Amino acid sequence: MPPTVNMGIPGAASSVVERTAGKRVLLAEPRGYCAGVDRAVETVERALEKHGAPIYVRHEIVHNRYVVDTLAKAGAIFVEQTDEVPEGAIVVFSAHGVAPTVHVEAAARNLKTIDATCPLVTKVHNEAKRFARDDYDILLVGHEGHEEVVGTAGEAPDHVQVVDNPDAVDNVVVRDPNKVIWLSQTTLSVDETMETVRRLREKFPTLQDPPSDDICYATQNRQVAVKAMAPECELVIVVGSKNSSNSVRLVEVALGAGSRAAHLVDYAEDIDPAWLDGVTTVGVTSGASVPEILVRGVLDRLAEHGFDTVQPVTTANETLVFALPREIRPARA
């Protein structure tokens, strides 16, 4: 797996940061919203505009507290299970995807569904279906219980085993060691995933790779940007929610790449001034489900403590955009 994937996007470049005197912020680029999150959030906004409140959303549309609270104030109602949605109502499926059984449940309740599953998650679903049809054992590297993993595993429950971490490899048993493939959750740490795959391949030498990288371009790009700046930072602040897999991974990557400390915050107010004691360089990034307004709040908070020099660290240029679900696309003139 390459260290970063730009999906054919031109303009990717590495940025050299010149050292300045005094306190400074290194600001990772890219950061924040990915194409799948942007699409999912806009899907709920457009559904509210088109149909009016309430619009039901199965699970948090994306894993970010601010985004969910903002959409809830606009009229979105977030539920955990399909049977919480009134019969005949409109329901949006979150960016993380759902298992086929959820579509069946929705049809039984005569729900009008809008599927905001990220297309890169849908790609992994299709891979699971394809290899299950060919009777492979599918080893899904991912976090047990995460919505995305539940949805992908649900495509082929008799063929999929979830491998949560490198140590879980010891417990994996397959029917035919020559018909085994690994797939992964899209928001994992690249390094930890590769360690899990290395250990799987030690156990199953003919283990097949996915047709293309399952860890999404945005997850990889954000991790690469953090790796580029972390060695120069005494502290890295990751803006993101605790239930956001890709945001939590950024904290881990920052620590692994050399930052003395790294913390996850939802809001600027979550920053403890004690974190800044003796610090001259703070790195700032944000998870793929984080709107830029929250990053700006963090920069303002840091400026109050003398960190008013902001230097970008650019490792990729993202221009990818996904089309909205057909149910809420604007009508053609």
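If you go along the chain as it appears here, the first residue is 1 and each next one adds 1.
Placement of Cβ uses the backbone N, Cα and C atoms for every residue, glycine included.
Here Swiss-Prot flags CYS34, CYS118, CYS216 as [4Fe-4S] cluster binding site, drawing on sequence analysis. DSSP classifies CYS216 ([4Fe-4S] cluster binding site) as coil under the three-state reduction.
Summarising the annotation, Swiss-Prot assigns dimethylallyl diphosphate binding site to HIS63, HIS96, HIS146, SER244, SER245, ASN246, SER289 and lists sequence analysis as the type of evidence. Listed in sequence order, THR187, ALA218, THR219, ARG222, GLY240, GLY287, ALA288, SER289 are the same-chain residues six or more apart from ASN246 (dimethylallyl diphosphate binding site) with CB atoms under 8 A from its CB.
Sequence-distant contacts of HIS96 (dimethylallyl diphosphate binding site), defined as residues of its own chain at least six apart whose C-beta falls under 8 angstroms from its C-beta, comprise HIS59, THR117, CYS118, VAL121, HIS146, GLU147, GLU148, GLY151. Look at HIS96 (dimethylallyl diphosphate binding site): DSSP puts it in coil. Taken from Swiss-Prot, the feature isopentenyl diphosphate binding site covers HIS63, HIS96, HIS146, SER244, SER245, ASN246, SER289.
Annotated (2E)-4-hydroxy-3-methylbut-2-enyl diphosphate binding site per Swiss-Prot: HIS63, HIS96, HIS146, THR186, SER244, SER245, ASN246, SER289, in sequence order, evidence recorded as sequence analysis. Under the DSSP three-state reduction, THR186 ((2E)-4-hydroxy-3-methylbut-2-enyl diphosphate binding site) is assigned to coil, being neither helix nor strand. Residues near THR186 ((2E)-4-hydroxy-3-methylbut-2-enyl diphosphate binding site) in space but far in sequence (CB under 8 A, at least 6 apart, same chain), listed by position: CYS118, LEU120, VAL121, VAL124, GLU148, ASP214, ILE215, CYS216, THR219.
All protein chains shown were included, and the count of other CB atoms within 10 Å of the CB of GLU148 (active site, proton donor) stands at 26. Taken from Swiss-Prot, the feature active site, proton donor covers GLU148.
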* To do: Kindly assign SER289 (dimethylallyl diphosphate binding site) to one of the three DSSP-derived states: helix, strand or coil.
  => coil
* Intrachain C-beta neighbours of HIS63 (dimethylallyl diphosphate binding site), sequence separation six or more, cut-off 8 angstroms -> SER241, ASN243, SER244, SER245, SER247, GLY287, SER289
* To do: Find, for the listed binding-site residues SER244, SER289, the residue with the lowest Cβ contact count at a 10 Å cut-off, counting only other Cβ atoms.
  => SER244
* **Whole-number Å value of the largest CA-CA distance among HIS63, HIS96, HIS146, THR186, SER244, SER245, ASN246, SER289, listed as (2E)-4-hydroxy-3-methylbut-2-enyl diphosphate-binding** => 15
* **CYS34, CYS118 as binding-site residues, winner by CB count within 10 A** => CYS34
* Using the recorded dimethylallyl diphosphate site (HIS63, HIS96, HIS146, SER244, SER245, ASN246, SER289) as reference, state which further residues of the same chain have their Cβ within 8 Å of the centre of those residues' Cβ atoms, listed in sequence order. => VAL62, GLU148, THR187, ASN243, SER247, GLY287, ALA288
